[in-house]
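> One structure is given below, represented as structure tokens, and several questions about it will come after.
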Ligand code: XMP
């Protein structure tokens, strides 16, 4: 997976219209976006279909899927039918739940990203003690793509060591949450950035500044 400029834009905006307004200005420098609940709960999965059709970009749906296998299968099926290329899946629910998403993704020619440890402070409370085990589970399952935090680089490094150099690791938490783009890219293949770009008065300049600050 080649992510243009190593930046994935998190489109956590309230309307498809707003997402399109932002993408009209930024799409030349991006080929991958992440769409999550803020947009999909407001506008439906049509927002995924529309962004995909309009820009031909790769769409990662960040639904942090965490249910029983039978329900995970339905969530994944609907997501890929809408045109998503990849789906972010929680690992803490166990191998059978993650496997259900992986199998459904494969059926659709899509991929999953296994979420190991989250980027916010609360992740230290319950998730952190098991996050390396989640990464190990992913390796055992043959999962290629992972999500890890840019806000704790020591942990990101450990995740990278577990999943190996050939796996694909993306990292949220850059910017508003405190993560540094270049430092994160020492361990991650691409960074996820949302508010630092879409809330800026000049999103084009904000994106260009991040691109300028990283070694491509
Ligand atoms: P900001 O605005 O903080 O947006 O740049 C970050 C985006 O990433 C999501 N996020 C995560 N997604 N694991 C994930 O799968 C995480 O640990 C994580 N932390 C933040 C967040 O919802 C937003 O879309």
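Glycine is treated like the rest: Cβ placed from N, Cα and C.
Feature list, courtesy of TrEMBL:
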{"type": "ACT_SITE", "residues": "62", "note": "active site, for OMPdecase activity"}
{"type": "ACT_SITE", "residues": "64", "note": "active site, proton donor"}
{"type": "ACT_SITE", "residues": "64", "note": "active site, for OMPdecase activity"}
{"type": "ACT_SITE", "residues": "67", "note": "active site, for OMPdecase activity"}
{"type": "BINDING", "residues": "12, 34, 62-71, 119, 172-182, 194-195", "note": "substrate binding site"}
{"type": "DOMAIN", "residues": "6-210", "note": "domain 'Orotidine 5'-phosphate decarboxylase'"}
> Using a 10 Å cut-off, grab the number of neighbouring Cβ atoms around the Cβ of residue 194 (substrate binding site), all chains included.
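There are 21 of them.
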> Determine, to the nearest whole angstrom, how far the Cα atom of residue 179 (substrate binding site) is from the Cα atom of the residue listed as 'active site, proton donor'.
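That separation, Cα to Cα, works out to 21 Å.
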> If you measure from the Cα of residue 175 (substrate binding site), which of the active-site residues 62, 64, 67 is the nearest?
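Checked the active-site residues 62, 64, 67; minimum Cα distance to residue 175 (substrate binding site) goes to 62.
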> Taking 10 A as the limit, how many CB atoms besides its own sit near the CB of residue 68 (substrate binding site)?
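Result for residue 68 (substrate binding site): 12 other Cβ atoms within 10 Å.
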> When you measure from each Cβ to the nearest atom of ligand 1, which of the recorded positions 12, 67, 119, 175 fall under 6 angstroms?
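List returned for ligand 1: 12, 119, 175.
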> Using all protein chains shown, find which of the binding-site residues 175, 179 scores highest when you count other CB atoms within 10 A of its CB.
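Result of the Cβ crowding comparison: 179.
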> Can you tell me the CA-to-CA distance separating residue 62 (active site, for OMPdecase activity) and residue 119 (substrate binding site), as a whole number of Å?
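About 14 Å separates the two Cα atoms.
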